[in-house]
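*Asks:* Straight out of Swiss-Prot:
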| type | residues | note |
| --- | --- | --- |
| BINDING | Leu118, Gly122, His123, Leu124, Glu242, Ser350, Pro351, Phe352 | (6S)-5,6,7,8-tetrahydrofolate binding site |
| SITE | His226 | site 'Plays an important role in substrate specificity' |
| MOD_RES | Lys227 | N6-(pyridoxal phosphate)lysine |
Amino acid sequence: MSQTLIQQDPEIAEAIRLETERQEYNLEFIASENFVSEQVMEAQGSIMTNKYAEGYPAKRYYGGCEMVDIAERLAIERAKELFGAEHANVQAHSGSQANMAVYFAACKPGDTVLGMNLAHGGHLTHGSPVNFSGKLFNIVSYGVQKETGYIDYEEVERLALEHKPTLLVVGASAYPRTIDFPAFRKIADKVGAKIMVDMAHIAGLVAAGVHPSPVPYAEFVTTTTHKTLRGPRGGMILCREEFAKTIDSNIFPGIQGGPLMHVIAAKAVSFKEALAPEFKEYSTQVVKNAKVLADALVKRGLNLVSGGTDNHLILVDFTGTETTGKMAEKALEKAGITVNKNSVPFETRSPFVTSGIRLGTPATTTRGLKEAEMERVADWVVRALDNMENDTELAAIKGEVREMCKRFPLYAHLLK
C-alpha cells in the first residue's frame, strides 16, 4: 500500500493523466457534464469507499456505520434545504435508478405512463422501448410543436384525457425552454395522475432560483447530482413526506443493495457548495452564457430548435442540410470543442447519425468563461462546421482553444 498509483498501475495512471490533460485543454460543451471541486473529489476518493451500509441512517444492516450516518444525514438535510423538499433520498446510484424507483413506487407493471418522446428531448427512462420503462409499462409519448419547438401542452392534455395515465413524466434531456410545471399539474389533476419531474438537467438552476422549481407541483422529483448541480455522478429523489417510506423501500431493498457512501459524502459537499451565494452567481452566468452563445450561433446562420434557449442547453438543428450530428461532433472534437450528436424533433436520421448537436454551458462557466468568450466560441463552432474536412483549419482552431483554456485553468496544477 506504500506505492503511488503511477508505481502500482502505470497504465491507469497514464489514462488519468491524459484525461486530466483533455479536460484542461479542451472546451467542454456537453450539456450534461461539469467540473467538480477538488473538495468533492477528495470526499469521493475518501476512505468512506470501504464501508458497507445497507439500510438508512440509524437503521443499518451492518455495524460501524456511525460516521457514514453523519455523512448521509448531512446530504439529506442539505438537499431538503436546497430544494425546499419534505423528504430526500440520496442513495440512488444514478438518475436512471432514481427514475426506476419512482416508477415502482407509483405504478404497477403494465400501467400507463405519459412521458416525453426521446427524439423530442425526453430521456431513455421516459419510455424508450429499449429501456426498462418502455418494456415494463404502457408508454404514451408527447412531444413539441413542429412550428415552435416548444412542448405541445394541448397534445399533453389530449393524450392524458384519452389514455388516463397513472404517472405523468415531466422533464427532458434536450429541451432548451422553461417547463411550465403548473400546466402539467393541472393536466395531471384532470385524470388523477401523479407527477414525476426528472429535473436532472436543470437541478442546479432550480437550486439557485434561476429556473422555476417543480417541487411544489410534483409528488416526486428526481435528479442527477452532477450536470448543473456540479456534484459527483449520482442520483437523488425528492418527494412529499407521505411517499417517503415507499420511495426509500423502492431504492433499498427494491432496486439497490449497499449505498455508495463515498459518493454520498461527495454529494453532501456539493450540496453545501450549492447553498452558498456564489452558486447563484454561477448559475445565473450559466444561463447568460447560453443565451449569448445561442444568439451568436443564430446570427452566424445556424438553426436552433425553438430558436434559442431559456436554460443551459442549446440544440443545433441541421435538418435539410448535408451536415449530420455525427459529422459535426467529430469536427468540433478535432477543434478542441466537445459536444454530442443529438436527435432533433421530427428526426429522420438514425440515433447513431442524428440531425443535431447539443451544447451546454455549465462546464465552461465553471472555468470562468463569460459572454465575450461565448462570442469567440460561436466563431470557432461555425469555422469548424465550415471546414469539417480541413484538418489543418481544425488544428488551428484547436490551438486557439488551447490558449483560451490556459487563461481559464481548471486542474492545471495536477499535471505538474
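Placed from the backbone N, Cα and C atoms, the Cβ positions cover glycine too.
Each of the listed features needs to be described in terms of its position in the shown structure.
*Replies:* Other Cβ atoms within 10 Å of the Cβ of Ser350 ((6S)-5,6,7,8-tetrahydrofolate binding site), summed over all protein chains shown, number 11.
For His226 (site 'Plays an important role in substrate specificity'), other Cβ atoms within 10 Å of its Cβ number 26.
Cβ-based neighbour count (10 Å, all protein chains) for Lys227 (N6-(pyridoxal phosphate)lysine) stands at 27.
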*Asks:* Count the Cβ atoms, other than its own, that fall within 10 Å of the Cβ of His123 ((6S)-5,6,7,8-tetrahydrofolate binding site), considering every protein chain shown.
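*Replies:* Taking every protein chain into account, the count is 23.
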*Asks:* Restricting to the record's (6S)-5,6,7,8-tetrahydrofolate-binding residues (Leu118, Gly122, His123, Leu124, Glu242, Ser350, Pro351, Phe352), give me the longest CA-CA distance in Å as a whole number.
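*Replies:* Among the residues the record ties to (6S)-5,6,7,8-tetrahydrofolate, max Cα distance equals 43 Å.
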*Asks:* Counting across all protein chains shown, how many other Cβ atoms sit within 10 Å of the Cβ of Leu118 ((6S)-5,6,7,8-tetrahydrofolate binding site)?
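*Replies:* Looking across every protein chain shown, the total is 25.
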*Asks:* For the binding-site residues Gly122, Pro351, which one has its C-beta crowded by the most other C-beta atoms within 10 angstroms?
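*Replies:* Neighbour-count leader: Gly122.
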*Asks:* Which one is it: of the binding-site residues Leu118, Gly122, Pro351, Phe352, whose Cα lies the shortest distance from the Cα of His226 (site 'Plays an important role in substrate specificity')?
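*Replies:* Comparing Cα positions, the candidate nearest His226 (site 'Plays an important role in substrate specificity') turns out to be Gly122.
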